[in-house]
Ligand SMILES: [Zn+2]
């Protein structure tokens, strides 16, 4: 491994986790730069996890003002107006995160995620997007892919008691350990646009219903020009109509996307904190895996639903177009 | 999001969290965000630097302060209007009795050791309050729900016994680095710096009687005016040179083993080579910072030192103990946070390893093994805390149908990283949650009552304040309110063999053992048996009905450490083990971690081979063990799955995902437990 040894201070602070992933991984972490956009509860959890883990730097993007709703699942915001008045969510969260680990450089980038340039993204090793529209997710993912530097891209969202993580590591090599043997593995990822374009009827039968339901909701928000999460139960009839259209186009059975599930997703404007903790924990771990190249990462979707308690990985990639 | 009904249940609930460490910090945060308004938290620990990487409510400036109190203050910052009551205390203390537990709607454990978990299990059973139990190790985690009479209790299924090594492996024939660590820590360190009156198997050697006992006693004692350098070299040459030569003289031992190589200080170090800059580097005021590494200029704890470096550290550390910490000598116990002690043990273990051809290890690794340090990361704790809250909400809503035991996997099992299974039924013959009597096979004319109290009542039944009765006669009791006569009587009883007790404990009698604090009572049928196998039944007693995990290494289970947070004194231990479940059968594929030596060997009572001089007594090096993760609810899980599979009951997890999903989606809406509102 290149680079300098960990300092005494780092070894003392990270003692327990070095025992899990080793000193090499810790060194790589300390050189990694992470960008996150959309500071809701789930992202607050992810940020906490990677700041504690000791990434090199973390940059936050979210210009929206602190509202009552923003406090819901976000423990990085103190509900004291004197402290947050006039400041953006990213600025307030930044202050809290700096406190978690003085060895990590946490900063704020002003502006809208979708307006940031490709050059800007080049500074990062990992980009996490949350609470964003379908087009923003696609656009940022494409910008990452255009760069010669390989950037890990994630999108994450929690609605109601359901969570979704999407992972694009492009072409990723890693080592994984299983029963005392170490294997090399190499994974090819489709982009977000490619993954959601895979014909539904080609997918294995047992793919999580959440995958389809999230696509319906995402599409609905885009067609109505709503921002992410700006929906309610009143939209149900139109959402059901869209489901019908999509399923017909995909030659897919509508019953695979139950009404009850769509209802829950429509209602779930506020995140459910235990699910934020779970999804934020899983994603935090994925970021650490991707940076350290240790452990087999998720390919390429992860779902958790508090209702059945399952946390499931789904591989949604077109076997023919895997490049 | 939680429904209105759920929110009401959450707001009205009073919950007790035991442990404010890795899981505890995450749990308190998630409870507060989820709307809980009345939370009590108990933890006796104070904050250490190595907690800060994951116990995110704590900062450098809090080091040394109460975890429970700092955690409360940190959470009140983002949820100022809820009530959090912090108890900086031991969960086993008498204030936390059954009545205390009864005020809560649910108990949430984020503990790190078997003893505290068993204790909480008993009190909450007596109080009739449901428990959500949890544990993590590295990327593995587990959450289980325990409801009296509905699901298994924490002790329904066996917990593996602490690991121990036969004394002869440690003193004569080490084959793994962990053996060298145990030798360095529990024998050499204890002998040189610990209580001189304690039994110490460093005296046990494979040589014959030629080594007179007086010689042995003298050698470790520093002579009145002996220079510490000379003393250090004398000890070095004795334990790494002379003792090995003695051991080599017994050819029988080495017939099928590689012969060790004696190491003398003169061969490794030139005269006066060892020269730490003792005087400049340590200010006498700060004893905690005394370090042989510092004086020798060794910086990186991840480096593996060569033999000369280890020898220098050994001699330097010994010298520093005598020059800087002389007052403590005679009363020191190994502590993983004692830098100088860790340096000494690392160096001694490495030199011994070199002698026996075992690879040497870095201080960082040696510290992990000697201190039995838990691998812990924030992310698994966060996930587990989320799962605990989800289960707690189901319990508060009396939604017992849907409670689940959940495993966090490192590698997906049938696509699942988070794998829920239905909770198991109570074990009808569990001595904790049922009234089925136990049976004890014992030789009543040979076994002392003290052994019965220590090895059975305390060690196996886990009672802290036991009362023992035979018929109506009180044989033993512990408490503050005993008068002198009683104390004398009970003391006298301890020294008697069972059949000579005032009310004899012999075959066919029934003994009642109780712990008032835990409100646990159990009956033991006594069965006379003349002989016991010294190797397989070293206690000289066999308790039947108390399940012990088989000690067979073929089980391929690994004891794991767990995330720490102490409600009790034993820090860093933990639970759990994760099963891998196949579609139709149970595979107990171990999740081995690179913390290998401790984790992949099950406890064994290996034979001492040809070496007849070996006592079969085992080194009870509890520190190394206690904290190990014997909890292994997994084991319970595994056994139960096997049982179910055997009787043809369908495994809940084996049901296909789609059919499970269909079932769920076909439920009426009101049954959708996490429905939003
Ligand atoms: Zn039980």
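In case you wondered, yes, glycine gets a Cβ from its N, Cα and C as well.
The stretch that TrEMBL tags with region 'Disordered', taken from the ranges B:533-553, B:554-574, B:575-595, is B:554-574.
The domain 'Ubiquitin-activating enzyme SCCH' (B:315-367): residue composition by secondary structure is 35 helix, 0 strand, 18 coil, according to DSSP.
Across the domain 'THIF-type NAD/FAD binding fold' (B:3-429), the model assigns an average pLDDT of 87. Secondary structure of the domain 'Ubiquitin/SUMO-activating enzyme ubiquitin-like' (B:440-532) per DSSP (helix as H, G, I; strand as E, B; remaining residues coil): 25 helix, 30 strand, 38 coil.
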